[in-house]
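Data first, discussion second: the structure below is written as structure tokens.
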Amino acid sequence: MRNAKLYSFSLPMEAGVVLRYQRLKTRDGFLVCLEQNGKQGWGEISPLPEFSHETLEQAQDAAQSWLAAWCLGENPTDSELPSVAFGISCALAELEGTLPEEANYRAAPLCNGDPDDLILSLNEMSGEKVAKVKVGLYEAVRDGIVVNLLLEAIPDLKLRLDANRSWTPAKAEGFAKYVNPQWRDRIAFLEEPCKTPEESLAFSQATGINIAWDETVRDEGFEVKAQEGVTAIVIKPTLVGSLARCQSIVEQAHALGLEAIISSSIESSFGLTQLARVAQWLTPDSIPGLDTVDLIKQQLIRCWPDVDIPLITLEQLKTVWQQ
């Protein structure tokens, strides 16, 4: 006997979270619960505004169709909507016991504002010092100055930068001018500096700054391949698709000597704890990009360790579908 439920959630965001051109006030999504033979499996379905192609309503419709078929004893193929495919594949993996419990909670701290705050937190960090800075939100020259300041202040720091395809080649060049050439090799990678992969590759070859693919992974026809200047593949499962799809990309990246990074799409604490398990399972030697729990004012059912943020329980969620 198979049963399934779909719960909806809407969690308030901290002020100032902007995705491309939209301020995000709440993080909305669904939790899916599968039940069979006295066991349960859970997953989160939360398309990310401005980044996911599917809307919340489309995700709900697709999830309900998949769940209805599953409850009738069918084994439907993965949804074509990445957020649905990922959430349901996590629920199936929990149900079948194939998603290991061990999690990788190491995080690359995210610098959202004052670089001095990041310097303080990194000075307290033991072991490998890795941090992430979003660039492309302000002037490219300012970004270059901030990155240079961080690399100068902390000699053993490795920086991950993310530009979200924000820059023209001229702006990317303006950024690089302000980063001391002798420190550029401590930029672990810069995700998607320019609007096209071709421009990003040219930027890397001109500046010696390593790059990583993120949005490109989700382009139609994407293939993992060795390219000069590309050192990493960033995988955001909510935007990429099922666990099997993510695992395939990780294995292809590792086979070519590229680093694979499991990264957040601002999921709830519930989704983040699952991503930490996925990261430990598929990329145990890499620090995942999951330092987003404090962007949301409430945690959801499962807590991120050592975080003092109020918790929403299952009883507080609305059931939107069950069978």
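The count begins at 1 with the first shown residue.
For all residues, glycine too, the Cβ spot is worked out from N, Cα and C.
Lifted from Swiss-Prot, the feature list:
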type: ACT_SITE; residues: LYS134; note: active site, proton donor
type: ACT_SITE; residues: LYS236; note: active site, proton acceptor
type: BINDING; residues: ASP162, GLU191, ASP214; note: Mg(2+) binding site
Item to complete: List, in sequence order, the residues of the same chain other than ASP162, GLU191, ASP214 whose Cβ lies within 8 Å of the centroid of the Cβ atoms of the recorded Mg(2+) site.
Response: ARG160, LEU161, ALA163, ASN164, PHE189, LEU190, GLU192, ALA212, GLU215, VAL234
Worksheet item: Roughly how many angstrom lie between the C-alpha atoms of ASP214 (Mg(2+) binding site) and LYS236 (active site, proton acceptor)?
Response: 8
Worksheet entry | GLU191 (Mg(2+) binding site) to the residue listed as 'active site, proton donor' - Cα separation in whole Å | 9
Worksheet, complete the sentence: In all the protein chains shown, the tally of other Cβ atoms within 10 Å of the Cβ of GLU191 (Mg(2+) binding site) is 26
Worksheet item: What is the number of other Cβ atoms found within 10 Å of the Cβ of LYS236 (active site, proton acceptor)?
Response: 25
Worksheet item: Can you count the other CB atoms that lie within 10 A of the CB of ASP214 (Mg(2+) binding site)?
Response: 23
Worksheet item: Could you state the CA-to-CA distance between LYS134 (active site, proton donor) and ASP162 (Mg(2+) binding site) to the nearest Å?
Response: 5
Discussion item. Through the lens of DSSP with three states only, how would you label the residue listed as 'active site, proton acceptor'?
Written reply: coil
Practice prompt. Within 10 Å of the Cβ of ASP162 (Mg(2+) binding site), how many other Cβ atoms can you find? Include all protein chains, please.
Written response: 22
Worksheet item: How long is the line from the C-alpha of LYS236 (active site, proton acceptor) to the C-alpha of ASP162 (Mg(2+) binding site), rounded to the nearest angstrom?
Response: 13
Worksheet item: When a 10 Å sphere is centred on the Cβ of the residue listed as 'active site, proton donor', how many other Cβ atoms does it contain?
Response: 17
